[in-house]
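Visitor: Got a structure here, written out as structure tokens. Questions coming.
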Amino acid sequence: SPLQDSSDDIEDVSLFDADDDVSRRSKKSKIRHPVASFFHLFFRVSAIVVYLLCELLTSSFIACMVTIILLLSCDFWAVKNVTGRLMVGLRWWNQVDDDGRSHWVFEARKVSAQGAKSSSEAESRIFWLGLITCPMIWVIFAFSALFSFKVKWLAVVVMGVVLQGANLYGYIRCKVGSRKNLTSMATSYLGKQFLRQVRCQGLGIHA
């Protein structure tokens, strides 16, 4: 019976470990905020679709322009205030002090004591993919409208570039840090590369 008990114990432990591994993988790949993930892409993708199909949907330029601007405004508010905080734990805003000077403020969610993050890898991929891809598409629209002499669409396209570009800039600053931190990171990286090359050359000389 002691052998049977010890084998049972070993089997139980292995099963529990397997369950823990499965649960960790599911937590990483699971979308914990499906509503936020949906609306993170819905408004910005809808604005692009309306811009591409507006001439087929209606002949009224004013209706298309108002619809696109409303979708872009809803997207700017949702991404800035809701989806960034829920999906990746980041938030940014700009405030003006009493002297009239503008300040950027960045916040990041703290990691819990267990080291677990409340956002999943799937949500992070969705967030950054939508955040980076859509402004690039509006930049392409801007060049297309400029070179095809569609002057009336320039205001709409510029609005898309500005609103979605502002969110992209804010979250990149929030993720990477200030310019000073970015400069120090680049300087330290170049310094390490230089030292590595010196060591390799030194080893080659001694060899």
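Each Cβ is built from the backbone N, Cα and C atoms, and glycine gets one as well.
Those TrEMBL annotations? Automatic predictions, nothing curated.
Below are the features I grabbed from TrEMBL:
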TRANSMEM  34-53  transmembrane segment
TRANSMEM  59-79  transmembrane segment
TRANSMEM  126-147  transmembrane segment
TRANSMEM  153-172  transmembrane segment
Visitor: If we skip the immediate neighbours and take only residues 6+ beyond the ends of the transmembrane segment (126-147), which ones have a Cβ under 8 Å from one of its Cβ atoms?
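Guide: Residues packing against the transmembrane segment (126-147) from afar: 31, 37, 40-41, 44-45, 48, 51, 79, 83-84, 87-88, 153-154, 157-158, 160-161, 164-165, 167-168, 171.
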Visitor: Which sequence-distant residues neighbour the transmembrane segment (34-53)? Criterion: at least 6 residues beyond either end, Cβ under 8 Å.
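Guide: Same-chain contacts beyond the flanks: 64, 67-68, 71-72, 74-75, 78-79, 82-83, 86-87, 123, 126-127, 130, 134, 137-138, 141, 156-157, 160, 164.
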